[in-house]
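Visitor: Below you will find the structure I want to go over with you.
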Amino acid sequence: MQAIKSLVAASPGPQYLTGDKASIDAFIDKFDVFLFDCDGVLWSGDHLFARIPETIAMLREKGKQLVFVTNNSTKSRGDYKKKFDSMGIAAKEEEVFGSSYSAAIYIARIMKLEAPKNKVYVLGESGVEQELESEKVPYCGGTDPLLRRDMMPEDFKNVANGSLLDDNVAIVLTGLDYHPSYLKYALGMAYIRRGAKFLATNIDSTLPSAGSLFPGAGSTSAPLIKATGQEPLALGKPSQAMMDAIEGKFQFDRKKACMIGDRLNTDIQFGIEGGLGGTLCVLTGVSKKEEFLAAGAEVVPSAYVDELGDLLG
(Lines of atoms letter the chains of each structure in order from A and count residues from 1; the text may use other names and numbers.)
(Lines give C-alpha, C1' and ligand atoms only; values in the text may rest on other atoms or scores of the structure.)
Protein backbone atom coordinates (compact mmCIF):
# COMPACT_ATOMS: atom_id res chain seq x y z
CA MET A 1 0.00 0.00 0.00
CA GLN A 2 2.92 2.36 0.62
CA ALA A 3 4.00 1.83 -2.99
CA ILE A 4 0.51 2.81 -4.13
CA LYS A 5 0.64 5.99 -2.05
CA SER A 6 3.97 6.91 -3.65
CA LEU A 7 2.59 6.37 -7.14
CA VAL A 8 -0.53 8.37 -6.32
CA ALA A 9 1.54 11.24 -4.92
CA ALA A 10 3.52 11.39 -8.15
CA SER A 11 0.44 11.47 -10.42
CA PRO A 12 -1.56 14.59 -11.35
CA GLY A 13 -4.90 12.95 -10.59
CA PRO A 14 -7.43 10.99 -12.64
CA GLN A 15 -8.48 12.26 -16.05
CA TYR A 16 -12.23 12.41 -16.69
CA LEU A 17 -12.74 11.11 -20.23
CA THR A 18 -16.52 10.99 -20.71
CA GLY A 19 -17.55 13.35 -23.50
CA ASP A 20 -13.98 14.25 -24.49
CA LYS A 21 -13.43 12.46 -27.82
CA ALA A 22 -9.86 13.71 -28.35
CA SER A 23 -8.75 12.62 -24.87
CA ILE A 24 -10.49 9.26 -25.24
CA ASP A 25 -8.71 8.56 -28.52
CA ALA A 26 -5.37 9.63 -27.07
CA PHE A 27 -5.91 7.40 -24.01
CA ILE A 28 -6.80 4.35 -26.11
CA ASP A 29 -3.84 4.91 -28.42
CA LYS A 30 -1.40 4.67 -25.49
CA PHE A 31 -2.14 0.98 -24.94
CA ASP A 32 -1.80 -2.27 -26.87
CA VAL A 33 -3.54 -4.42 -24.25
CA PHE A 34 -6.70 -3.89 -22.19
CA LEU A 35 -7.50 -6.06 -19.18
CA PHE A 36 -11.21 -5.97 -18.33
CA ASP A 37 -13.07 -6.75 -15.18
CA CYS A 38 -16.54 -8.12 -16.08
CA ASP A 39 -19.14 -7.76 -13.31
CA GLY A 40 -19.83 -4.06 -12.84
CA VAL A 41 -17.98 -3.10 -16.05
CA LEU A 42 -19.58 -5.07 -18.89
CA TRP A 43 -22.73 -6.08 -17.07
CA SER A 44 -24.48 -6.29 -13.70
CA GLY A 45 -25.90 -9.77 -13.26
CA ASP A 46 -27.88 -10.39 -16.44
CA HIS A 47 -28.15 -6.69 -17.32
CA LEU A 48 -25.79 -5.68 -20.14
CA PHE A 49 -24.62 -2.07 -19.93
CA ALA A 50 -25.18 0.21 -22.92
CA ARG A 51 -22.94 -0.07 -26.01
CA ILE A 52 -20.69 -2.80 -24.58
CA PRO A 53 -20.52 -5.05 -27.70
CA GLU A 54 -19.80 -1.99 -29.85
CA THR A 55 -17.02 -0.81 -27.49
CA ILE A 56 -15.35 -4.23 -27.48
CA ALA A 57 -15.62 -4.37 -31.29
CA MET A 58 -14.09 -0.88 -31.59
CA LEU A 59 -11.05 -1.88 -29.53
CA ARG A 60 -10.59 -5.04 -31.59
CA GLU A 61 -10.79 -3.00 -34.80
CA LYS A 62 -7.95 -0.86 -33.44
CA GLY A 63 -5.87 -4.02 -33.03
CA LYS A 64 -5.95 -4.11 -29.23
CA GLN A 65 -5.37 -7.34 -27.32
CA LEU A 66 -8.20 -7.98 -24.85
CA VAL A 67 -8.11 -10.10 -21.69
CA PHE A 68 -11.13 -10.54 -19.42
CA VAL A 69 -9.91 -10.82 -15.83
CA THR A 70 -12.65 -11.71 -13.38
CA ASN A 71 -12.71 -12.50 -9.67
CA ASN A 72 -16.04 -14.32 -10.01
CA SER A 73 -15.10 -17.87 -9.08
CA THR A 74 -18.56 -19.37 -9.63
CA LYS A 75 -18.00 -19.54 -13.39
CA SER A 76 -15.30 -21.33 -15.39
CA ARG A 77 -13.78 -19.93 -18.57
CA GLY A 78 -16.26 -22.04 -20.54
CA ASP A 79 -19.15 -20.63 -18.52
CA TYR A 80 -17.94 -17.11 -19.25
CA LYS A 81 -17.72 -17.85 -22.98
CA LYS A 82 -21.39 -18.86 -22.90
CA LYS A 83 -22.27 -15.64 -21.07
CA PHE A 84 -20.35 -13.50 -23.56
CA ASP A 85 -22.21 -15.25 -26.38
CA SER A 86 -25.59 -14.70 -24.72
CA MET A 87 -24.77 -11.01 -24.25
CA GLY A 88 -23.71 -10.57 -27.88
CA ILE A 89 -20.08 -9.79 -26.93
CA ALA A 90 -17.39 -11.19 -29.21
CA ALA A 91 -14.88 -13.03 -27.02
CA LYS A 92 -12.85 -16.25 -27.03
CA GLU A 93 -12.64 -18.67 -24.13
CA GLU A 94 -8.85 -18.35 -24.09
CA GLU A 95 -9.21 -14.58 -23.51
CA VAL A 96 -10.85 -15.21 -20.13
CA PHE A 97 -8.72 -15.42 -16.99
CA GLY A 98 -10.79 -16.00 -13.86
CA SER A 99 -9.87 -16.42 -10.21
CA SER A 100 -10.86 -20.12 -10.28
CA TYR A 101 -8.47 -20.69 -13.17
CA SER A 102 -5.79 -18.67 -11.40
CA ALA A 103 -6.17 -20.86 -8.29
CA ALA A 104 -6.07 -24.07 -10.34
CA ILE A 105 -2.91 -22.93 -12.14
CA TYR A 106 -1.26 -22.01 -8.83
CA ILE A 107 -2.12 -25.35 -7.20
CA ALA A 108 -1.13 -27.49 -10.18
CA ARG A 109 1.89 -25.64 -11.54
CA ILE A 110 3.32 -23.74 -8.59
CA MET A 111 2.56 -25.90 -5.54
CA LYS A 112 3.04 -29.19 -7.45
CA LEU A 113 2.01 -31.41 -4.54
CA GLU A 114 2.72 -35.12 -4.85
CA ALA A 115 -0.27 -37.43 -5.33
CA PRO A 116 -2.23 -38.69 -3.52
CA LYS A 117 -1.65 -35.98 -0.89
CA ASN A 118 -2.73 -33.25 -3.30
CA LYS A 119 -6.50 -33.17 -2.92
CA VAL A 120 -8.35 -29.85 -2.56
CA TYR A 121 -11.33 -29.36 -0.25
CA VAL A 122 -13.53 -26.81 -2.01
CA LEU A 123 -15.93 -24.30 -0.53
CA GLY A 124 -17.41 -22.95 -3.74
CA GLU A 125 -19.38 -23.61 -6.89
CA SER A 126 -18.90 -25.58 -10.10
CA GLY A 127 -16.63 -22.95 -11.67
CA VAL A 128 -13.90 -23.90 -9.20
CA GLU A 129 -14.43 -27.60 -9.80
CA GLN A 130 -14.27 -27.25 -13.60
CA GLU A 131 -10.97 -25.37 -13.49
CA LEU A 132 -9.43 -27.84 -11.03
CA GLU A 133 -10.49 -30.63 -13.39
CA SER A 134 -8.86 -28.78 -16.31
CA GLU A 135 -5.55 -28.96 -14.43
CA LYS A 136 -6.16 -32.55 -13.27
CA VAL A 137 -6.28 -31.55 -9.58
CA PRO A 138 -8.37 -33.90 -7.39
CA TYR A 139 -10.94 -32.30 -5.10
CA CYS A 140 -13.81 -32.96 -2.73
CA GLY A 141 -16.54 -30.81 -1.16
CA GLY A 142 -17.69 -28.11 -3.56
CA THR A 143 -21.12 -28.87 -5.01
CA ASP A 144 -21.40 -32.27 -3.27
CA PRO A 145 -25.12 -32.42 -2.33
CA LEU A 146 -24.31 -34.55 0.73
CA LEU A 147 -22.77 -31.47 2.38
CA ARG A 148 -25.87 -29.31 1.85
CA ARG A 149 -27.54 -30.39 5.06
CA ASP A 150 -27.83 -29.59 8.72
CA MET A 151 -25.00 -30.49 11.10
CA MET A 152 -26.09 -33.59 13.03
CA PRO A 153 -24.93 -34.48 16.58
CA GLU A 154 -22.86 -37.40 15.28
CA ASP A 155 -21.10 -35.10 12.81
CA PHE A 156 -19.34 -33.29 15.65
CA LYS A 157 -17.88 -36.58 16.86
CA ASN A 158 -16.94 -37.78 13.37
CA VAL A 159 -15.23 -34.52 12.42
CA ALA A 160 -13.35 -34.55 15.72
CA ASN A 161 -12.19 -38.18 15.35
CA GLY A 162 -11.36 -37.67 11.67
CA SER A 163 -13.71 -40.28 10.23
CA LEU A 164 -15.51 -37.63 8.14
CA LEU A 165 -12.23 -36.25 6.81
CA ASP A 166 -10.27 -37.24 3.70
CA ASP A 167 -6.66 -37.89 4.66
CA ASN A 168 -5.44 -36.82 1.20
CA VAL A 169 -6.72 -33.23 1.51
CA ALA A 170 -3.75 -30.83 1.53
CA ILE A 171 -5.50 -27.60 0.52
CA VAL A 172 -8.67 -25.77 1.53
CA LEU A 173 -9.82 -23.49 -1.31
CA THR A 174 -12.65 -21.02 -0.81
CA GLY A 175 -14.62 -19.20 -3.50
CA LEU A 176 -18.11 -17.72 -3.51
CA ASP A 177 -20.41 -20.47 -2.21
CA TYR A 178 -24.15 -20.10 -2.79
CA HIS A 179 -24.88 -23.06 -0.50
CA PRO A 180 -22.90 -22.54 2.70
CA SER A 181 -23.48 -24.81 5.69
CA TYR A 182 -22.09 -25.22 9.16
CA LEU A 183 -20.95 -28.73 8.19
CA LYS A 184 -18.87 -27.34 5.29
CA TYR A 185 -17.19 -24.84 7.59
CA ALA A 186 -16.56 -27.46 10.27
CA LEU A 187 -14.78 -29.65 7.71
CA GLY A 188 -12.77 -26.72 6.34
CA MET A 189 -11.68 -25.72 9.82
CA ALA A 190 -10.67 -29.29 10.64
CA TYR A 191 -8.54 -29.58 7.50
CA ILE A 192 -6.77 -26.29 8.19
CA ARG A 193 -6.10 -27.30 11.80
CA ARG A 194 -4.59 -30.51 10.42
CA GLY A 195 -2.14 -28.45 8.37
CA ALA A 196 -3.91 -27.95 5.02
CA LYS A 197 -2.88 -24.80 3.12
CA PHE A 198 -5.60 -22.13 3.14
CA LEU A 199 -6.22 -20.56 -0.30
CA ALA A 200 -8.97 -18.35 -1.69
CA THR A 201 -9.94 -17.71 -5.29
CA ASN A 202 -10.58 -14.13 -4.18
CA ILE A 203 -11.76 -12.23 -1.10
CA ASP A 204 -14.08 -9.59 -2.60
CA SER A 205 -16.36 -8.26 0.10
CA THR A 206 -19.27 -7.73 -2.29
CA LEU A 207 -20.66 -9.01 -5.58
CA PRO A 208 -22.37 -6.49 -7.90
CA SER A 209 -25.53 -7.92 -9.48
CA ALA A 210 -28.95 -6.71 -10.62
CA GLY A 211 -27.94 -3.13 -9.96
CA SER A 212 -27.20 -3.79 -6.29
CA LEU A 213 -24.55 -5.39 -4.05
CA PHE A 214 -24.57 -8.87 -2.53
CA PRO A 215 -22.10 -10.81 -0.31
CA GLY A 216 -18.92 -11.62 -2.24
CA ALA A 217 -16.42 -14.46 -1.98
CA GLY A 218 -14.92 -12.87 1.13
CA SER A 219 -18.09 -13.87 2.95
CA THR A 220 -17.22 -17.52 2.29
CA SER A 221 -13.69 -17.33 3.67
CA ALA A 222 -14.56 -15.02 6.61
CA PRO A 223 -15.89 -17.75 8.96
CA LEU A 224 -12.74 -19.84 8.44
CA ILE A 225 -10.50 -16.81 8.97
CA LYS A 226 -12.27 -16.09 12.24
CA ALA A 227 -12.34 -19.73 13.35
CA THR A 228 -8.71 -20.59 12.53
CA GLY A 229 -6.98 -17.22 12.97
CA GLN A 230 -5.38 -17.74 9.55
CA GLU A 231 -5.64 -15.58 6.42
CA PRO A 232 -5.86 -17.35 3.05
CA LEU A 233 -3.53 -16.70 0.17
CA ALA A 234 -5.89 -14.98 -2.29
CA LEU A 235 -5.27 -15.73 -5.96
CA GLY A 236 -7.64 -13.20 -7.55
CA LYS A 237 -7.23 -9.44 -8.00
CA PRO A 238 -5.30 -7.63 -6.58
CA SER A 239 -2.94 -10.59 -6.02
CA GLN A 240 0.18 -10.16 -8.12
CA ALA A 241 0.42 -13.93 -8.40
CA MET A 242 -2.56 -13.55 -10.73
CA MET A 243 -0.89 -10.72 -12.67
CA ASP A 244 2.28 -12.79 -13.13
CA ALA A 245 0.22 -15.71 -14.41
CA ILE A 246 -1.67 -13.47 -16.86
CA GLU A 247 1.54 -11.92 -18.18
CA GLY A 248 3.09 -15.37 -18.50
CA LYS A 249 0.15 -16.64 -20.55
CA PHE A 250 -0.50 -13.61 -22.78
CA GLN A 251 3.05 -12.21 -23.13
CA PHE A 252 2.62 -8.42 -23.14
CA ASP A 253 4.49 -5.27 -22.15
CA ARG A 254 2.97 -4.09 -18.87
CA LYS A 255 3.68 -0.44 -19.68
CA LYS A 256 1.51 -0.77 -22.78
CA ALA A 257 -1.37 -2.37 -20.84
CA CYS A 258 -4.38 -0.81 -19.10
CA MET A 259 -6.61 -2.33 -16.40
CA ILE A 260 -10.31 -1.41 -16.65
CA GLY A 261 -12.47 -2.02 -13.59
CA ASP A 262 -15.14 -0.74 -11.26
CA ARG A 263 -13.59 -1.54 -7.88
CA LEU A 264 -10.65 0.42 -6.47
CA ASN A 265 -9.30 -2.12 -3.99
CA THR A 266 -9.25 -5.01 -6.49
CA ASP A 267 -9.20 -3.88 -10.15
CA ILE A 268 -7.43 -0.53 -9.91
CA GLN A 269 -5.04 -1.63 -7.15
CA PHE A 270 -4.29 -4.72 -9.27
CA GLY A 271 -3.21 -2.54 -12.19
CA ILE A 272 -1.21 -0.09 -10.11
CA GLU A 273 0.67 -2.73 -8.12
CA GLY A 274 1.26 -4.66 -11.34
CA GLY A 275 3.05 -1.68 -12.87
CA LEU A 276 0.63 -1.36 -15.78
CA GLY A 277 0.82 1.74 -17.95
CA GLY A 278 -2.66 2.87 -16.94
CA THR A 279 -5.88 2.14 -15.09
CA LEU A 280 -9.43 3.16 -16.01
CA CYS A 281 -12.27 3.18 -13.48
CA VAL A 282 -15.86 2.90 -14.71
CA LEU A 283 -18.64 4.15 -12.44
CA THR A 284 -21.25 1.45 -13.17
CA GLY A 285 -20.15 -0.86 -10.35
CA VAL A 286 -18.89 -0.74 -6.78
CA SER A 287 -16.62 2.30 -6.36
CA LYS A 288 -17.80 5.91 -6.56
CA LYS A 289 -15.75 8.80 -7.91
CA GLU A 290 -15.85 10.55 -4.52
CA GLU A 291 -13.64 7.76 -3.18
CA PHE A 292 -10.70 8.46 -5.50
CA LEU A 293 -11.23 12.20 -5.91
CA ALA A 294 -11.04 12.74 -2.14
CA ALA A 295 -7.85 14.23 -0.73
CA GLY A 296 -5.53 11.51 0.51
CA ALA A 297 -7.21 8.72 -1.48
CA GLU A 298 -4.96 5.66 -1.40
CA VAL A 299 -5.97 4.10 -4.74
CA VAL A 300 -6.44 6.50 -7.67
CA PRO A 301 -7.00 5.46 -11.32
CA SER A 302 -5.27 7.13 -14.25
CA ALA A 303 -8.64 8.01 -15.73
CA TYR A 304 -12.35 7.38 -15.31
CA VAL A 305 -15.57 7.31 -17.32
CA ASP A 306 -19.23 7.20 -16.35
CA GLU A 307 -19.63 3.91 -18.24
CA LEU A 308 -17.49 1.80 -20.53
CA GLY A 309 -19.56 2.68 -23.61
CA ASP A 310 -18.30 6.26 -23.26
CA LEU A 311 -15.06 5.10 -24.90
CA LEU A 312 -16.96 5.18 -28.19
CA GLY A 313 -17.00 8.97 -27.83
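Every residue gets a Cβ built from N, Cα and C, even glycine.
The active site, nucleophile annotation in TrEMBL covers Asp37. Per TrEMBL, the feature active site, proton donor maps to Asp39. If you look up TrEMBL, you'll see Asp37, Asp39, Asp262 marked as Mg(2+) binding site. Residues or ranges marked as substrate binding site by TrEMBL: Lys237.
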Visitor: Given the recorded positions Asp37, Asp39, Asp262, state which is nearest to Lys237 (substrate binding site) when distance is taken between Cα atoms.
Guide: Asp37
Visitor: At the level of the C-alpha atoms, what whole-angstrom distance separates Asp262 (Mg(2+) binding site) and the residue listed as 'active site, nucleophile'?
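Guide: With the alpha carbons as reference points, the distance is 7 Å.
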Visitor: Among all chains shown, work out which of the recorded positions Asp37, Asp39, Asp262 has the most CB atoms within 10 A of its CB.
Guide: Asp37
Visitor: Beyond the listed site residues Asp37, Asp39, Asp262, identify every same-chain residue whose Cβ lies within 8 Å of the center of their Cβ atoms for the Mg(2+) site.
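Guide: These residues sit around the Mg(2+) site: Cys38, Gly40, Val41, Leu42, Thr70, Pro208, Gly261, Arg263, Asp267, Val282, Gly285, Val286.
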Visitor: Within 10 Å of the Cβ of Lys237 (substrate binding site), how many other Cβ atoms are there?
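Guide: Lys237 (substrate binding site): 30 neighbouring Cβ atoms within 10 Å.
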